[in-house]
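Trainee: Relevant sequence annotations retrieved from TrEMBL are reproduced here:
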type	residues	note
TRANSMEM	A:58-79	transmembrane segment
TRANSMEM	A:107-128	transmembrane segment
TRANSMEM	A:219-242	transmembrane segment
TRANSMEM	A:254-276	transmembrane segment
TRANSMEM	A:312-335	transmembrane segment
TRANSMEM	A:341-361	transmembrane segment
TRANSMEM	A:413-433	transmembrane segment
TRANSMEM	A:439-457	transmembrane segment
TRANSMEM	A:478-502	transmembrane segment
TRANSMEM	A:508-529	transmembrane segment
DOMAIN	A:673-731	domain 'CBS'
There are 2 protein chains.
Amino acid sequence: MTVYDIVKSRLKEIPHNEKLLSLKYESLDYDNSENQLFLEEERRMSHMGFRCLEIRRWVICGLIGFLTGLIACLIDIAVEELAGYKYSAVKQNIEKFTEFGGLSISLILWAALNSAFVMVGAIAVAFFEPIAAGSGIPQIKCYLNGVKIPCVVRLKTLAIKVFGVICSVAGGLAVGKEGPMIHSGAVVAAGVSQGRSTSLKKDFKIFEYFRRDTEKRDFVSAGAAAGVSAAFGAPVGGVLFSLEEGASFWNQMLTWRIFFASMISTFTLNFFLSIYHGKPGELSSPGLINFGRFDSDHKRQLLKRLKKSMSFLHFMLQLSLSLSLSLSLSLWYIHRPCLQVMEAMLVAAVTATVAFAMIYFSNDCQPLGQDSTEEYPLQLFCADGEYNSMATAFFNTPERSVRSLFHNPPGSYNPLTLGVFTLVYFVLAVWTYGLTVSAGVFIPSLLIGAAWGRLFGILLSTITSSQSVSIWADPGKYALIGAAAQLGGIVRMTLSLTVIMVEATGNVTYGFPIMLVLMTAKIVGDYFIEGLYDIHIKLQSVPFLHWDAPPTSHWLTAREVMSSPVTCFNRVERVGRIVDVLSNTSTNHNGFPVVAHTTENEEPGKICGLILRSQLIVLLKHKVFVERASSRLSQRRLQLKDFRDAYPRFPPIQSIHVSQDERECMMDLNEFMNPTPYTVPQETSLPRVFKLFRALGLRHLVVVDDENRVVGLVTRKDLARYHLGKDGLEELQLAQT
Amino acid sequence: MTVYDIVKSRLKEIPHNEKLLSLKYESLDYDNSENQLFLEEERRMSHMGFRCLEIRRWVICGLIGFLTGLIACLIDIAVEELAGYKYSAVKQNIEKFTEFGGLSISLILWAALNSAFVMVGAIAVAFFEPIAAGSGIPQIKCYLNGVKIPCVVRLKTLAIKVFGVICSVAGGLAVGKEGPMIHSGAVVAAGVSQGRSTSLKKDFKIFEYFRRDTEKRDFVSAGAAAGVSAAFGAPVGGVLFSLEEGASFWNQMLTWRIFFASMISTFTLNFFLSIYHGKPGELSSPGLINFGRFDSDHKRQLLKRLKKSMSFLHFMLQLSLSLSLSLSLSLWYIHRPCLQVMEAMLVAAVTATVAFAMIYFSNDCQPLGQDSTEEYPLQLFCADGEYNSMATAFFNTPERSVRSLFHNPPGSYNPLTLGVFTLVYFVLAVWTYGLTVSAGVFIPSLLIGAAWGRLFGILLSTITSSQSVSIWADPGKYALIGAAAQLGGIVRMTLSLTVIMVEATGNVTYGFPIMLVLMTAKIVGDYFIEGLYDIHIKLQSVPFLHWDAPPTSHWLTAREVMSSPVTCFNRVERVGRIVDVLSNTSTNHNGFPVVAHTTENEEPGKICGLILRSQLIVLLKHKVFVERASSRLSQRRLQLKDFRDAYPRFPPIQSIHVSQDERECMMDLNEFMNPTPYTVPQETSLPRVFKLFRALGLRHLVVVDDENRVVGLVTRKDLARYHLGKDGLEELQLAQT
């Protein structure tokens, strides 16, 4: 366990403190504010109206799927074209110089091309939208969990993300284009469902009903599912991914719509890619990555494969463990200044150099078959009709390399080549992960896993060759199992990953061994450290709510957990006080209980409702004051539409001018507050509070005493603060970072 | 739409009123009663203690999977043996008499054998456990939804069910053995997780922690998933089935455990069936039904199949619609007296007769191939080396017939034969559905769908034969799509059914057309009438809670919905009053708010807790009275264990003797009541109440006024009462039936 210890000690040096919980993140509200305006609107709507809404939801989901598929298609075609151009240029150059011995020029060309691509991508990400770095999956996980990460679902993020991922994949980094698809799908969903783009200042005046957190979150989960579906050609896997991340707000109709979006997405991608590949109507490209078809040798293989996978587990998990640890280490880079671009270019150049060196020094020549999947076979110093086998691994997009490892016939790879490749690629992947480029971790994990899986298979067949060669025959299957184990050990998804892998291989019979491997990878991995995404979330101090409260937290009650005292408003409140409270930057509360009549002494008032900062801002902006009520008869009455128009970027309080006269006016909150907020008594245990909060996706939960008087307020950070450490329950510190 | 009209008019004559909601069903409580005893126990438990609990949960899930797999295995082997015996006896007889012309003797033999099997099964079901009739899926749906159907998860039900399903399948009825597996799995889960059998009076003193509704329901959903998994060899499909039916109580760890149970279940079945089939270690029988392997003709087929399925839809849905209507009609029989056995025998005899007649009058002879899947090919009047094609459909278990329809090469079936078979089998299936035998509807649906799907495929290839034969070549694929459509139109499952079908065919490429077909089947079907299981549930007037409140129900508030006045208890209550209230059969309440001090005048008291009938019964049984508190020091204190021992069959109040002296004693409820029940204010809208109730799986929800005084109680029936009819919101009547 030396690697583990070293990494553990290094982790402590990382400037991000694991024991902090940031206060800068706001929560999404999955609970509708059922105020009078809302109820009036709902009551006005007929049965047909609701049916139309439902149809509109389906249309939006269709659009989400379609656009996500298109984006996936765009990324794929762009990467293919750019990488194709790059590899053929380099290949020509190498072929030209192999004779003359001037291969260093080829190396420089390769490195320069890589660096150029990566530089463009890194500049876009580092200078224009840093949130677009990485795969975006942790951010989407947070969003589905109910945490608002700034800028995460904006159009600009999407543009930079797509551009960045094209550049970094074409630049030959050890990254994949699948992870970012999930983020892209989510952005598409957030944009389409709102019927407007705030960035482009364009409002299509459609889908206005869906302009609130509740509806938006439903659509974002559909978008994430569509992204998974497009990336892996796995619609069911996509649905399960969204489900695993956000099951608290699940129902059958929603599942259905999400499924529909996933289907449309994979179909769109398939349709357009087939046309691009010149085989319209064939629909042979269901996802960005395609593992190719595994023929099933139905009989006598399943149990065998099972045994294999079992014998594997130990070795496999060690590796996946150390990888996830090392990857987490690389997070250290993330917040460094703009050396980032330089670093990305360096990594690109190093990747090219290392690859070149390995190809150059490798003597492993393989005969060039008729049905070879190689698109750019490099002859180099091999005899005619043979190609350099190391080059198939490096001189190729990682997706193709994975496919070669799965499907090339036994004997295509020399064990030494594979071993060296695994090690080198592992180091490169870890280094690359910390870069400020948009890129996913799925494909490098699969590639590393496939490489050592295949290596293991080759070794096993060498050992057992004396007995019966046929049984341990196909190292491609070991590669598949290894890839699943490696990926599972890193991302720790379970049900969804099983289904994704099965859908990507197109063969159900592999389901059982894959399940077993993923399950074991998760159990063993969890024993040592959390999954990569969870580490990511933790290091960023996001108040992420897990499924349940820590089991040993029955000691705590709402009284200990809640924030208090609570800033409350009266049903009819003075404008000056509201402005003062909202302007108080030291507290920055977002929800305020409305109470019956706060007496000036400290005794709290009876709860009558809950009003949000965003609502108050809109009220102040429209100057809805009691004193103007008489003139308001001529003025138009404030409608739900006014709130929806301001959603989701409500102006800050500083931008609203309130004159001294107006400060003395009164504001009647009765019509706008949510009159029936969820409340709990003070003695409620933490797990019970947690369950209510999580199951309903709340943002504020009011704690009341026997007399229904407000005594405290529970928000996300109050609950996320408690977690299970090594020595029982631990409490994280709150920080303003 | 004539069929539709006729059936609609007939539906009105059915004695069960759709507009009633029965009061006889009780609710399950997914909300823990967090009283002092519970909290003390939880607080006493260490971190290790919780981990042990978790491990125990995994062990239980493993056991559930193993036992469910074993039961599936038992059913399969028994059916195979009995049916094998029957068919060979009849076949010998037919072969013997074909020459002599005494075929009527064969007919009588066949009919008698069928009737005998069915009689035994029907007697068991009708006289010993009527709840074991049918597939049990509606009952399990209700259980997962939170409704306690009496006797549904008892050991006796399981025994009768297994026995009954063996008899009815072996008896040649138009039924399947797959549906009942879901029920069987659920019973196994309920039994194993409790560590005892109340029927057998055997308590293993293990798993006592899990003796409450919350935990039991989790395990039952694992059992249902394991059942699906064993029936179809579809572990992911099983998880999704449980999910679709009960997603309100979902979390990741639970999903995991359910997945584990499903895996173990399909593996166990596979393992033992492989041994039974004499090929140990091959693991080639993942489920009870096995659609056989569909080879994928990867290229140029997908879009084609898609087009096919589209052109299909209209015809397909008409049929599935009328089937589900007619099936629902047959429910009429269910509550008739014990002519049931006679009727079942009659149906069995008629089935044999009809089959015989059709085989007899069919002239469709097919050559007997080498690789034929027929186990009992009947030569009858065909030439040597040929067999009667009608006999392959009837003279076989329905599973085999389905497989033949999917896989037999083009030309194996005459269109006329298929058409007649579809019609006859349809009528038989409808008639059979109403019988009092345990049997599933999956296989007959699949068979009917496969038959007309294949018929359609044959017709289509005849029509288009002039153009290009190869494109519309394989009628087996039409059979698959037809089967999916038919089944989807009847049961209206979506995501789960797609995955089940895909897992059963073992080929992911069929996923997309199957999805499309199921989606369309559901949309079109829902336009006319609900799915079969929902009709079943509605006709039995079960208070089933759907996913959401009806959309137009914002008019209603908790005030209108709640039951009031509420019977409340004081914190320290007189025993006499408690006994009187519990003995009042006219109300039969199950939950009682505990209030601060009810004054004698009508003003309600402040809520301080909620106590359940079951808790009061245990308290009365153990005579936990204040007056005995002094002597209780010597007595042992009441523990959570006492409540668990009584779970789930608490004795009725009549069985508890309370003397006149004791009636004057006082009982202190403080320690035993749930001190923090969920409450809502009176003005809360129905959808909001519904969401809270459904998301947390509540049984009682207290409605309070501004002062926290109890004004009403919302239970399941209050919410299930409102549903969306043709003309907007309708209210069902409550009835004592």
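Glycine is treated like the rest: Cβ placed from N, Cα and C.
Heads up, TrEMBL stuff is auto-annotated, nobody curated it.
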Trainee: Provide the three-state DSSP residue tally for the domain 'CBS' (A:673-731): helix first, then strand, then coil.
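Mentor: Final tally across the stretch: 16 helix, 25 strand, 18 coil.
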Trainee: Which residues, given as numbers and ranges, are at least 6 beyond the ends of the transmembrane segment (A:254-276) yet have a Cβ under 8 Å from it?
Mentor: 57-58, 61-62, 64-66, 68-70, 72-73, 76-77, 185, 189, 218, 221-223, 225-230, 233-236, 238-239, 242-243, 282-288
Trainee: Do the transmembrane segment (A:341-361) and the transmembrane segment (A:107-128) come together with 3 or more C-beta pairs under 8 Å, pairs six or more apart in sequence?
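Mentor: Counting Cβ pairs under 8 Å (6 or more apart in sequence), the transmembrane segment (A:341-361) reaches the transmembrane segment (A:107-128), since there are 3 or more.
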Trainee: Please figure out which one of A:439-457, A:478-502, A:508-529 racks up the most CB pairs under 8 Å against the transmembrane segment (A:219-242).
Mentor: A:478-502
Trainee: Hey, which of A:58-79, A:107-128, A:439-457, A:508-529 has the most Cβ-Cβ pairs under 8 Å against the transmembrane segment (A:478-502)?
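Mentor: Result: A:439-457.
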